[in-house]
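Step one of this worksheet: look at the structure below.
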Number of protein chains: 2
Amino acid sequence: MLEFVQLSAANREEGWGVAVKLLEDRIRQDGQVLGADVLKVDSFLNHQIDPDLMAALGTEFYQRFKDVPITKILTVESSGIAPALAAGMAFHKPVVFARKHKSLTLKDHLYTAEVYSFTKKTANTIAIATKFLGPDDHVLIIDDFLANGQAVEGLIDIIAQAQAHLEGVGVVIEKSFQKGRALLDQRHIHVEALARIAAFENGQVIFKED
Amino acid sequence: MLEFVQLSAANREEGWGVAVKLLEDRIRQDGQVLGADVLKVDSFLNHQIDPDLMAALGTEFYQRFKDVPITKILTVESSGIAPALAAGMAFHKPVVFARKHKSLTLKDHLYTAEVYSFTKKTANTIAIATKFLGPDDHVLIIDDFLANGQAVEGLIDIIAQAQAHLEGVGVVIEKSFQKGRALLDQRHIHVEALARIAAFENGQVIFKED
């Protein structure tokens, strides 16, 4: 990891971190484009996980948000847990993951929000115990994907209920052609996406040029 | 982390790693005993996660299984992901997490097993894509809890379907008074539990003396 951090610092002047290069190469090599807007990355990100890549991504999130006073990292189960934990290890700050429920009748001591999944075409309630988020918290949201932004919106809703401060949103892969990023930009939220996908063309991933 | 590893090696002669001490102290301090057999550790293990503790636990799993030729680490979503990823980072080997489903109609390209949860009194199907586990794999199962052993049994079933080799089971917390550990011992499976709980007495945790 030390070698990685040094390399990353050196390459930052060229405009990208080593982690971003690793991630984009991996997406090109192992990602599967399905239909018009689905990218399957289950061989290294959200079913099988490459822990070394994940550690590199965690360090990259730290590089991008290290000047912000983060007290807590927030994500949603299950796919968000690995990148959030990797970031938490780099920040040395607690990670809280919201749990998904089909429905919740008992909401005592919980912050809850409704999240619609366009992929699965179902709505879930996400919930976090109130004791783990409060007005003194400065929160970094981490997730694997930013597409339509529903999960992030749910977490922002919960952060508002807790009267905590949202400091930024870090995602591993952003599908820039879907509405999630634009919605966050409109609200002047600091978003860092490690890989930004402009489009899928003939089954190939076209990355956004920064 | 380097300091931790050195300390751990030094203390190993006294019969415990630093990670075990950290974990037991944390369970004593922040664990909540509920009823006869439930230990709530959602402030550092399975809702809010302490990433530094998790990294230490990952290193401890590595210390205990490093002489075994592990190719893959296997767990179940969601609570297993964090300790499995931490172990994966120490082994530099891929982590695969089984997904839970209420029911599955389409089982193409999946290994599946039924898992009953005594805590939630519900049955789930757990599933892993067949492409991520095969006859060449030597598998370490990692989970947060070992109680009745249902989740581990489900993963062992899947490992058998894949004709992969089970090399061992590592759990963060074992409730030794429930049947899971005994079932694995009967089958001569190499089990390492970082904290072993002998009993709950008057709301206090009594650790098993090794």
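Cβ atoms are placed via backbone N, Cα and C, with glycine included.
Remark: B:LEU39 (xanthine binding site) has B:ILE27, B:GLY31, B:GLN32, B:VAL33, B:ILE173, B:LYS175, B:ILE197, B:PHE200, B:VAL205 as non-local neighbours, by Cβ distance under 8 Å and separation of at least 6 in sequence. Look at B:LEU39 (xanthine binding site): DSSP puts it in a strand. Taken from TrEMBL, the feature xanthine binding site applies to B:LEU39, B:ASN46, B:LYS175.
Over all protein chains present, the Cβ of B:ALA151 (5-phospho-alpha-D-ribose 1-diphosphate binding site) has 28 other Cβ atoms lying within 10 Å. Here TrEMBL flags B:ALA147, B:ASN148, B:GLY149, B:GLN150, B:ALA151 as 5-phospho-alpha-D-ribose 1-diphosphate binding site.
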Spatial separation of B:ASN46 (xanthine binding site) from B:GLY149 (5-phospho-alpha-D-ribose 1-diphosphate binding site) - C-alpha basis, Å: 17
Nearest-integer angstrom distance between the alpha carbons (Cα) of B:GLN150 (5-phospho-alpha-D-ribose 1-diphosphate binding site) and B:ASN46 (xanthine binding site): 18
Long-range Cβ environment of B:ASN148 (5-phospho-alpha-D-ribose 1-diphosphate binding site), under 8 Å and at least 6 residues apart: B:PHE118, B:GLN178, B:LYS179, B:GLY180
B:GLY149, B:LYS175 as binding-site residues, winner by CB count within 10 A: B:LYS175
